[in-house]
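Take a look at the structure below.
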Amino acid sequence: MQEQYRPEEIESKVQLHWDEKRTFEVTEDESKEKYYCLSMLPYPSGRLHMGHVRNYTIGDVVARYQRMLGKNVLQPIGWDAFGLPAEGAAVKNNTAPAPWTYDNIAYMKNQLKTLGFGYDWSREIATCTPEYYRWEQKFFTELYKKGLVYKKTSAVNWCPNDQTVLANEQVIDGCCWRCDTKVERKEIPQWFIKITAYADELLRDLDKLDHWPDTVKTMQRNWIGRSEGVEITFDVKGYDNTLTVYTTRPDTFMGATYLAVAAGHPLAQKAAANNAELAAFIDECRNTKVAEAEMATMEKKGVDTGYKAIHPLTGEEIPVWAANFVLMEYGTGAVMAVPGHDQRDYEFASKYGLTIKPVILAADGSEPDLSEQALTEKGVLFNSGEFDGLAFEAAFNAIADKLAEKGVGERKVNYRLRDWGVSRQRYWGAPIPMVTLEDGTVLPTPEDQLPVILPEDVVMDGITSPIKADPEWAKTTVNGMPALRETDTFDTFMESSWYYARYTCPQYQEGMLDSKAANYWLPVDIYIGGIEHAIMHLLYFRFFHKLMRDAGMVTSDEPAKQLLCQGMVLADAFYYVGENGERNWVSPVDAIVERDEKGRIVKAKDAAGHELVYTGMSKMSKSKNNGIDPQVMVERYGADTVRLFMMFASPADMTLEWQESGVEGANRFIKRVWKLVYEHTAKGPVAALNVDALSEDQKALRRDVHKTIAKVTDDIGRRQTFNTAIAAIMELMNKLAKAPQEGEQDRALLQEALQAVVRMLNPFTPHVCFTLWQELGGEGDIDNAPWPVADEQAMVENTTLVVVQVNGKVRGKITVAVDATEEQVRERAGQEHLVAKYLDGVTVRKVIYVPGKLLNLVVG
């Protein structure tokens, strides 16, 4: 064994061994308990960042630990390879998205291997290959036949200059990112999957997810947004159709003083024909894309349509306004406004001088003061005719019943969740497998024409999708009739919604999934990824699993038992102000800093002499130039050091502050372990451990070893507090380094301890542990070695700590044998100098003894 720890030599050698032996390749084995450990697959952007490294290190630690418990562990990896960034990069680098993507995959795959992750590479998937997306296309056609897929018009961002659809991220300050033309909203036909058909089950089954973070479940509950209310129909004077609204507060119905419709509503469109102000307003709304999150804070605007609706219970005429806070794609595109009891309605009514009618009493029974804001709390009705005096629930039921009786209302359960729009007007995605005949009939692509392959050898102009620009690509025949292929591609969330299942059978050619393999491995035991995926990916992931279950492919209801959301990686951020007042962000690697006695940064400059402003720790990002390249750190310290720091610096679900001093500390610790093993093995062969022959000191050290095994096992397995597990191993190492190494049993005990330490560290630092296990004479590869088991007998304490009090005040602590008698404890207490001085010249009047815990001497 060489004296110096040289990670660059060890790590490449061990990685080659894993590759040659195919150590982490697994197959279904009914005789073994399975464990499926999965990290969210990366987008092949070109280089791994520290967020990736953290995510995948957590997964690898869990997978290696479960493997050492004797389980059949599947840990696969792949590439979420479609998406818009590839199109931009292809234009910029004068290439096509496919070669750019495949080059990135090759580079990042090498990076993952360099970090020593124990993946089953035989199951690697790239979602941009026809071998993968063909099954997704086939599944989509089956969903269409089941009535779970439909086409309708929906609004998109449209650049009139480039004549193309823009993704939200391509709209900068309302203008096209390429030509700076003002972007319009345009209605075009798009494909949707009926996720709303599963809304109830998606909501209900959240209760089954005991090992998912509450925050994620709450976000999904709110996103699905189930509510119970009443759908009410209004007649409108001079308008051929009725208006339907939905409300969760029918108790306030007698206070409705206006209706509001979306700018795109047919009523508003009709009214605009004779109303220039309304026409201009509709135009303004059409070209303003409002994210739902911004709806609450934006300025409320509207125009009176001139139409009057008839209140179904009072017969009063109430105005119908077009308003920018009503969206056509939500509900019916019309809402009932009760400004006395809804703050948004109140602000709008106040702005435009509309009637505000209170119908709910304040909590003290008085009429509410509506001079400054609406009363939104529930309460007792007044000003409501026959419903006066009713509290919320009774009023809800009475008004709902009355509306139903008159045939103008019915109780409804509503969802905030909308159907999933899967059409994207991009090139780099899986083609949607639908065709249109010359007579306009829309059909799914016949199975014998699947997959519909996306051509990869294309020229990108940065404006139009190559498959839209080439009229020949769309031409096909179905049943001998000419047809045109759909030129939209799938939302890339489609690919990431079922990849976890395909990992169970990536080579299967008979269908989307081999049910036998899928049901052996599924559900995933632990799924690791960022909380930013809580409502999009993680909802579609759950939805797709239920679709596959209902297609008979899987038997479980949910795709993953446990979800672990790792925290973000933060780093110091610095900038200097440029000549034009702009901020120039400087990498923390290039910042020369001065710190105070507490280690806080007080001054910083860069190599060019710029005084730097330190903004504290923030998420590693390109915009702040504070990302740390994992490759550089691995080359400097080795993969094991980077992995150990990642797992030690912070609990897995909390933010991690990148500190190179901490990385250096992790490196020093690995060197200490190496040094101790080197010194130990250099002394030659070791005798067998004779537990019965150990001295008290040796027994105490062995007790520490086995207590550490018990703690680390619990910390990694049950609690998943990996940082405290590492801290416990470090504490044990400090004791082992001080332990005597001369006697035969000293060395035998150290051998047992070091073999345990190396196995406990193996999930975190697998390369160095692989090597040290061999040096310590461990049987076989450490990858197949069992996890150390704590010896219950070794952990039994033969001494205990007794607190000694004199007249109720603590005067000392003594160590006594577990089976010591009261007399022996009193005698030992008298020998303790801190206690003895309080007993000089006094009489002990009473003794209170709690065996093994407390001795209280009452003196006088």
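Counting begins at 1 with the first residue displayed.
A Cβ is built for glycine as well, from the same backbone N, Cα and C atoms used for every other residue.
Residues or ranges marked as motif ''HIGH' region' in Swiss-Prot: 42-52. Tertiary proximity for the motif ''HIGH' region' (42-52) is limited to same-chain residues at least six positions away from its ends with a CB under 8 Å from its CB atoms, namely 79-81, 83, 85, 89, 101, 104-105, 107-108, 111-112, 115, 126, 530, 568-569, 571, 620, 627-631, 658.
Counting only same-chain residues 6+ beyond the ends of the motif ''KMSKS' region' (619-623), those with a CB under 8 A from a CB of the stretch are 49-51, 568-571, 585, 658. Positions annotated as motif ''KMSKS' region' by Swiss-Prot: 619-623.
Residues or ranges marked as ATP binding site by Swiss-Prot: Lys622. There are 9 other CB atoms within 10 A of the CB of Lys622 (ATP binding site), with all protein chains counted.
A mean pLDDT of 92 is what the model gives for the motif ''KMSKS' region' (619-623). Helix, strand and coil residue tallies for the motif ''HIGH' region' (42-52), in that order: 3 helix, 0 strand, 8 coil [DSSP]. Residues of the motif ''KMSKS' region' (619-623) grouped by DSSP class, helix first, strand second and coil last, total 0 helix, 1 strand, 4 coil.
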